[in-house]
Amino acid sequence: MDVKTVLIFTVLFGVISNNAAETGIESDSHDALNIGRMFCKPLDQQCNKDLHCCKPLKCRRSNNGRKYCKP
């Protein structure tokens with residue numbers, strides 16, 4: 001691979017991994033950019049049928065009506 005190809009892959013992968021690294025409710029707008037089930041949500045992050053929790057966590061409804069990843 002030449003330098004240009006490596007650079008393109010680096011930029012693309014950097015954008016994807018940056019979205020995965022963001023946490024908190026503010027990151028919800030970025031969730032659509034995540035590719036399928038490739039990324040899972042860690043403990044206490046919001047989840048739904050499209051945003052799965054990391055195993056062995058489960059998506060559970062909390063007191064405020066939202067769903068969060070819990071053991």
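Note that Cβ sites are derived from N, Cα and C of the backbone, with glycine treated the same way.
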Per Swiss-Prot, the disulfide partner of Cys40, chosen from Cys47, Cys54: Cys54
Conformational class of Cys53 (disulfide bond) under the three-state DSSP mapping: strand
